[in-house]
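Scroll down for the structure; my scribbles are underneath it.
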Amino acid sequence: MADQLTEEQIAEFKEAFSLFDKDGDGTITTKELGTVMRSLGQNPTEAELQDMINEVDADGDGTIDFPEFLTMMARKMKDTDSEEEIREAFRVFDKDGDGFISAAELRHVMTNLGEKLTDEEVDEMIREADIDGDGQVNYEEFVTMMTSK
């Protein structure tokens with residue numbers, strides 16, 4: 001399944017993996033998974049975190065390594081994000097609930113994920129998704145960005 005991914009996708013997933021793998025040891029633990037989920041405003045229980053890991057933990061060692069992470073991401077991409085998942089993700093970014101993701105909101109979420117971005121990088125991300133050119137990302141633009149891969 002993971003063999004259907006492009007090199008660019010694999011590189012993106014490697015970057016995502018390293019956001020989760022806080023100590024850089026090549027595996028994601030329940031603790032690391034919990035940290036990232038909480039930084040995104042989720043509040044999973046220990047049992048939920050364990051379930052999430054068990055779902056993809058092919059070798060049964062209780063952690064997720066990069067190949068397992070790739071398999072999980074490939075699976076997720078196949079049942080392309082449901083409308084509800086995309087709406088949920090949009091809400092994570094749209095902090096003030098006004099229906100738009102501003103540069104400040106994008107920066108806030110990325111900083112919570114441990115990604116320090118320059119103003120230029122944040123503006124560039126907004127520009128890429130901002131179809132109508134109003135300087136922010138509305139829900140339709142967000143959906144377009146999330147589903148056009």
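Keep in mind that glycine also has a Cβ here, set from the backbone N, Cα and C atoms.
Here's what Swiss-Prot has on this protein:
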MOD_RES   Ala2  N-acetylalanine
DOMAIN    8-43  domain 'EF-hand 1'
BINDING   Asp21, Asp23, Asp25, Thr27, Glu32  Ca(2+) 1 binding site
DOMAIN    44-79  domain 'EF-hand 2'
BINDING   Asp57, Asp59, Asp61, Thr63, Glu68  Ca(2+) 2 binding site
DOMAIN    81-116  domain 'EF-hand 3'
DOMAIN    117-149  domain 'EF-hand 4'
BINDING   Asp130, Asp132, Asp134, Gln136, Glu141  Ca(2+) 4 binding site
Counts of helix, strand and coil residues, the domain 'EF-hand 2' (44-79), according to DSSP: 24 helix, 2 strand, 10 coil
DSSP three-state assignment for Glu32 (Ca(2+) 1 binding site): helix
Among Asp21, Asp23, Asp59, the most crowded of the binding-site residues [Cβ within 10 Å]: Asp21
Binding-site residues (Asp25, Glu68), the one with most neighbouring Cβ atoms at 10 Å: Glu68
Cβ-Cβ neighbours of Asp130 (Ca(2+) 4 binding site) (radius 10 Å): 19
Rounded distance in angstrom between the Cα atoms of Asp57 (Ca(2+) 2 binding site) and Thr27 (Ca(2+) 1 binding site): 11
Residue among the binding-site residues Asp61, Asp134, Glu141 whose Cβ has the most other Cβ atoms within 10 Å: Glu141
Cα proximity to Asp25 (Ca(2+) 1 binding site), best match among binding-site residues Asp59, Glu68, Asp130: Glu68
